[in-house]
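Participant: Pasting in a structure now, in structure tokens, and then I'll have a few things to ask.
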Amino acid sequence: MTSPRKTHPLAKIINESFIDLPTPSNISSWWNFGSLLGICLIIQITTGLFLAMHYTPDTSTAFSSVAHITRDVNYGWMIRYMHANGASMFFVCLFLHIGRGLYYGSFLFLKTWNIGIILLLTTMATAFMGYVLPWGQMSFWGATVITNLLSAIPYIGSDLVQWXWGGFSVDKATLTRFFTFHFILPFIIAALATIHLLFLHETGSSNPSGMMSDPDKVMFHPYYTTKDILGLIFLLLSLMSLTLFMPDLLTDPDNYTLANPLNTPPHIKPEWYFLFAYAILRSIPNKLGGVLALVLSILILMVIPVLHFSKQQSMMFRPITQILFWALVADLLTLTWIGGQPVEYPFVTIGQTASIMYFFIIITLMPLFALIENKLFKW
């Protein structure tokens, strides 16, 4: 008799996605991060749900409600810090997942890649709106500065900003709508992640060699479920170490001060995972130019498949492009560092150089060296 997991309409979907899924036998731990992102999303939705039970999205009580969660709610401090640091772990996994996709040529699965970029943008929007909710100084001024960027759009810009704010400044209406969107977006992310998986299972996973792996596949369970559990242990260990020993390591001290529209903090900066994009935004003196560069720094991922001229999918056997890839990683780390520094010499110059290098490596150097490598392989 056939097992119910192979015949039952619901169990069959789970079986084909996580149990009997044919998977290349040579995929490394870099393929772990997809499942870890799923776990991160579950952690964020669960902790967020418990926080929403006690939080009040009102300018007069939001800050004190967060203090109440931290002090009076049973394990409220832990739920809050798990949620805040869980966002950081989410972005660590997200960046490593994208990096793996770039290195091993997974971007050639166009549908999966493009849904992934939409997922990245949605996650960034969710994280930004979540950062506004505690209603501290950095929450308020971060919201003011970033939403104000819409005013750079010609003709309709200022109307668009007021429409988003729900008034003439960031106030009660803004906080309420940000809470609403922050609550609903993770469920949209979960739906998009399902579509992401659906498209991935149409083509099957790539593998480190970049070669076709159809003749050499194994079942996902038990081989990769056990392998993923190891990654999960490291993820939970990192998250709980951060939460229990250094909960405020990645947060801004200014956010422990109640939002005050009359007092601007000396350095307005977003959370660490947005600093690279913030550095690109600041490196262009023109407002519209900065906003365009900011948007393009993410959307450039969409043109990477078009700029792939190499005859090989993966970078595994392409040493010159490997050097460029790690130069790009170093460049992004430099931008992240610069984004957290004040706007003064020499940080401005370093930021501008790193911003130019970011686009130059992706648009010019990588396609150029792919063509050179194609020539070298013919010899």
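Note: Cβ is positioned from N, Cα and C throughout, glycine not excepted.
Predicted, not measured: the structure shown is a model, and the values here were computed from it.
Heads up, here are the entries from Swiss-Prot:
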type: BINDING; residues: His83, His182; note: heme b b562 binding site
type: BINDING; residues: His97, His196; note: heme b b566 binding site
type: BINDING; residues: His201; note: ubiquinone binding site
type: TRANSMEM; residues: 33-53; note: transmembrane segment
type: TRANSMEM; residues: 77-98; note: transmembrane segment
type: TRANSMEM; residues: 113-133; note: transmembrane segment
type: TRANSMEM; residues: 178-198; note: transmembrane segment
type: TRANSMEM; residues: 226-246; note: transmembrane segment
type: TRANSMEM; residues: 288-308; note: transmembrane segment
type: TRANSMEM; residues: 320-340; note: transmembrane segment
type: TRANSMEM; residues: 347-367; note: transmembrane segment
Participant: Could you check whether the transmembrane segment (226-246) packs against the transmembrane segment (113-133) - three or more CB pairs closer than 8 Å, residues at least 6 apart in sequence?
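Facilitator: In this chain the transmembrane segment (226-246) does not contact the transmembrane segment (113-133) - fewer than 3 Cβ pairs sit under 8 Å.
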Participant: With pairs closer than 6 in sequence left out, are the transmembrane segment (33-53) and the transmembrane segment (178-198) joined by 3 or more CB pairs under 8 Å?
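Facilitator: These two segments touch.
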Participant: Quick one: of His83, His182, His201, which binding-site residues lie within 10 angstroms of His97 (heme b b566 binding site), measuring between C-alpha atoms? Sequence order, please.
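Facilitator: If one measures from the Cα of His97 (heme b b566 binding site), no binding-site residues come within 10 Å, so the answer is none.
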Participant: Within 10 angstroms of the C-beta of His97 (heme b b566 binding site), what count of other C-beta atoms is obtained when all protein chains are considered?
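Facilitator: His97 (heme b b566 binding site) is surrounded by 20 other Cβ atoms within 10 Å.
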Participant: What same-chain residues, at least 6 away in sequence, bring their CB to under 8 Å of the CB of His201 (ubiquinone binding site)?
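Facilitator: Residues satisfying the criterion: Glu16, Ser17, Leu21.
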Participant: What else in the chain is close to the transmembrane segment (320-340), if you only count residues 6 or more beyond its ends and a Cβ gap under 8 Å?
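Facilitator: Those are 99, 102-103, 269-270, 272, 274-280, 282, 310, 347, 350-351, 354-355, 357-358, 361-362, 365-366, 369-370, 372-373, in sequence order.
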Participant: If we skip the immediate neighbours and take only residues 6+ beyond the ends of the transmembrane segment (77-98), which ones have a Cβ under 8 Å from one of its Cβ atoms?
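Facilitator: Beyond its ends, the transmembrane segment (77-98) has Cβ neighbours at 30, 33-34, 36-37, 40-41, 43-44, 47-48, 50-51, 66, 69-71, 116, 120, 123, 127, 130, 235, 238-240, 242-244, 247, 250-251, 271-273, 301.
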Participant: I need to check the long-range neighbours of the transmembrane segment (347-367): which residues 6 or more away from its ends have a CB within less than 8 Å of a CB in the stretch?
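Facilitator: Contacts of the transmembrane segment (347-367) (Cβ under 8 Å, skipping residues fewer than 6 from its ends): 279-280, 282-284, 293, 296-297, 300, 303-304, 307-309, 321, 324, 327-328, 331-332, 334-335, 338-339, 341.
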Participant: Where His83 (heme b b562 binding site) and His196 (heme b b566 binding site) are concerned, what is their Cα separation in Å, rounded?
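Facilitator: Approximately 24 Å lies between the Cα of His83 (heme b b562 binding site) and that of His196 (heme b b566 binding site).
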Participant: What's the CA-CA gap between His182 (heme b b562 binding site) and His196 (heme b b566 binding site) in angstrom, rounded?
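Facilitator: Here the two Cα atoms are 21 Å apart.
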Participant: Can you check which residues sit near His196 (heme b b566 binding site), meaning Cβ under 8 Å from its Cβ, same chain, 6 or more apart in sequence, and list them in order?
Facilitator: Thr112, Ile115, Gly116, Leu119
Participant: What does DSSP say about His201 (ubiquinone binding site): helix, strand or coil?
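Facilitator: Going by the DSSP assignment, His201 (ubiquinone binding site) falls within a helical segment, counted as helix.
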Participant: Is it possible to get the count of other C-beta atoms within 10 angstroms of the C-beta of His182 (heme b b562 binding site)?
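Facilitator: Taking all protein chains shown, His182 (heme b b562 binding site) has 21 Cβ neighbours within 10 Å.
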